[in-house]
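Some notes on the structure that comes next.
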Amino acid sequence: MKQKRKMSKLKKRESRMGYVFVAPWIAGAVIFLIIPLIQSFYYGMCNVKITPKGMLFNYVKFQNYTDIFRLDPLFIEDLTGYLLDTLLSVPVIVVFSLIISLLLNGKMKGKGIFRTIYFLPVIVVSGPVMGQLSDQGAASIPAMNVTVIAGVLKDVLPYVIVEPIVGLFNNMIMVLWYSGVQILIFLAAIQKIDSALYEAAKIDGGSAWECFWKITLPTIKPMILLNAVYTVIFLSNNEQNVIITSIYNDMFAINRGYGFASAKAWVYAIVVCLLVALIALVLKNKKDNYLTEVKREKKRIRKLEREREQLKRRQDRRRRFIKREGSH
Amino acid sequence: MNTLDAMKMKSNDKVNFIPPTFNKDKFRKVFLGSKDRQGAVPTLIKYVLLIGIGFVYLYPLMYMISTSLMSLDDLLDASIKWIPSNFYIGNYKNAFKVMNFWKSLKDSIILAGLPTLIQVGTCAVIGYGFARFEFRGKKIMLAILLFSFILPAQVTMMPTYVLFTNLKLIGTLHAFNLPALLGQGVKAQIFILIFYQFFKQVPQALIEAAHIDGAGYFKSFFKISLPSATPAILVVFLFSIVWYWNESYLTTLFIAGKGTGSANAWTSLVVELKNFENIYEQYNQGNQQQLGNINESIKMAGTMLSILPLLLMYGFLQKYFVESIDRTGITGE
């Protein structure tokens with residue numbers, strides 16, 4: 001009894017210390033996350049006017065939210081553009097960074113140099129720099145003839161889809177430059193795979209190709225989700241993003257102000273969260289392969305049994321029928 | 001007869017001479033590789049791919065450097081594509097003056113450095129708190145932490161701006177320091193998670209032993225956990241400084257002080273670059289000596305100047321950057 005109480009006392013003290021250590025974050029989350037969230041929701045429902053005396057709130061319900069779609073003709077366009085862009089760029093970035101990390105993984109000469117090169121963009125990449133570069137047309141691969149690709153695509157696909165694809169090709173280097181951190185994450189994950197697994201697979205006659213699909217890919221699957229989510233967040237918070245710039249401009253625009261900008265930010269935030277949720281849903285790590293196999297096998301056995309029973313019943317019926325016929 | 005025989009023999013020899021057979025297996029082994037080692041062809045493909053993509057990666061940088069060194073004549077001359085006819089630094093001189101380089105550099109360093117130092121400290125403490133102790137609501141807190149990472153900063157930006165305005169912090173460095181102090185700085189969530197991962201790997205037995213020897217909670221943190229977290233500290237420091245350096249959105253809003261009296265008190269290289277064309281015109285209007293019209297070369301020189309300090313830093317520290325993630329175990333879970 002006494003022992004137990006002592007333990008609980010220790011535990012209590014430990015948990016109190018936990019709160020002490022985390023306290024700055026709790027305070028920060030309340031001051032800079034939760035309260036602002038509520039406030040900005042309230043702003044979104046008001047017409048906010050800044051007067052010399054202070055801020056004036058004029059409650060207008062959901063008018064700002066409808067105004068975004070009614071009065072800002074660019075917003076819907078920007079939003080769909082952003083969604084299409086992101087949905088196209090995320091697979092490109094993830095697959096590309098996976099390929100690069102696989103290339104960088106093996107034993108070879110000049111590994112350090114290559115890693116240095118591929119990681120360089122993380123340092124350099126920032127909104128204004130990327131803006132300058134893409135203004136100069138330095139963000140597209142010189143050997144790639146985008147107009148030809150665009151011409152071919154326009155014959156096959158509707159314009160709405162072609163435009164972001166062409167944009168993707170035009171800013172190909174930018175897309176590649178955004179994959180520095182993802183490459184690092186993949187590389188770290190690949191290096192953590194037990195080499196004994198590969199050796200065992202080799203002894204069993206597995207080729208490198210099979211090894212990739214059966215060992216590497218399943219092991220780093222959680223990292224694919226992580227990278228996809230990271231990419232979405234990166235692209236959404238990027239200063240190159242039109243919506244983010246427009247929120248900033250609305251904030252100081254005379255006829256719009258904080259209320260309008262807050263409502264826009266909320267709509268945008270919800271869209272981003274939905275996008276992340278969608279990606280998480282698509283890439284969610286399904287249950288262990290073995291378990292699904294077992295389940296499938298059980299299902300098959302059950303089905304077989306059911307069929308057998310049906311057959312038995314049918315045979316019984318027929319037998320009875322024949323008996324009846326015979327007795328007649 | 002004898003000689004004839006011998007001759008016959010010789011010619012026979014010639015006929016029987018076996019040319020070196022084409023050893024298929026060996027060929028395969030050398031070129032396509034076997035199970036134990038990679039062959040020449042895959043290796044070659046690998047290098048070609050790596051070098052090719054590496055070139056694509058470096059292309060914008062090379063373009064930037066080459067364009068920034070071109071004089072106006074070179075820029076207009078269609079026959080000059082990559083190598084300028086002479087080494088022209090006039091663009092750099094202009095950009096240097098317009099961006100007010102030394103002041104901007106100093107501001108940039110302070111703006112990126114001070115919040116980073118604060119951020120490293122608080123993130124370490126918070127990460128330790130999450131990793132080492134069990135307490136109620138920890139799971140919810142971690143969920144909020146992740147959620148706040150997903151949430152675009154724009155949602156909370158305006159109320160924060162109002163708060164800072166009321167506290168008269170807009171246009172001062174504290175607008176960055178305060179969030180950093182409370183674990184809400186630029187991408188602080190990632191740093192907290194890095195520390196969280198790292199402190200989880202510190203063996204619990206070590207800390208318990210310290211407790212038995214009479215060390216308190218803070219002492220065991222400072223004397224045992226923190227020194228063992230040097231790689232994590234380094235990584236967080238480097239990334240934080242880079243991300244703060246490249247942050248121009250929040251810098252423009254909070255620090256450069258748009259809409260307040262103290263405008264232009266603080267600036268940074270990236271912010272200067274963001275408004276490069278405007279400040280160029282302003283400079284031309286305000287000063288007696290004209291710099292000539294803005295052109296691509298000057299813009300590229302400005303871009304180059306804004307990333308040069310980071311490039312230099314990367315040159316010295318690239319080893320730590322590249323090895324960083326392996327060491328911190330960011331991918332642990």
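Along the chain as shown, the residues are counted starting at 1.
Yeah, the Cβs are placed from backbone N, Cα and C, and that goes for glycine too.
Annotated transmembrane segment per TrEMBL: B:44-65 (among others), in sequence order.
Counting same-chain residues at least six beyond the ends of the transmembrane segment (B:109-130), those with a Cβ under 8 angstroms from any Cβ of the stretch are 138, 141-142, 173, 176-177, 180-183, 185-186, 188, 191-196, 198-199, 221, 225-226, 229, 232-233, 236-237, 240-242, 244-245, 251, 255, 266, 268, 309. Sequence annotations record features per position, and here TrEMBL assigns transmembrane segment to B:109-130 (among others).
Sequence-distant neighbours of the transmembrane segment (B:142-164) (same chain, 6+ residues past either end, Cβ-Cβ under 8 Å): 130, 170, 175, 179, 184, 187, 189-190, 192-193, 250, 253-254. Annotation source TrEMBL lists transmembrane segment at B:142-164 (among others).
Under the heading transmembrane segment, TrEMBL lists B:176-199 (among others).
Per TrEMBL, transmembrane segment is recorded for B:220-245 (among others). Through the fold, the transmembrane segment (B:220-245) approaches residues 108, 111-113, 115-117, 119-120, 123-125, 128, 132, 176, 185-187, 190-191, 194-195, 198-199, 202, 206-207, 210-211, 268, 270, 310, 317, 320-321, 324-325, 327-328 of its own chain, all at least 6 residues removed from its boundaries and within a Cβ separation under 8 Å.
What TrEMBL records for B:298-317 (among others) is transmembrane segment. Residues 63-65, 67-68, 91-92, 94-96, 98-99, 101, 105, 108-109, 238, 242, 245-246, 269-270, 272-273, 276-277, 280 of the same chain lie 6+ residues outside the transmembrane segment (B:298-317) yet bring a C-beta within less than 8 angstroms of a C-beta in it.
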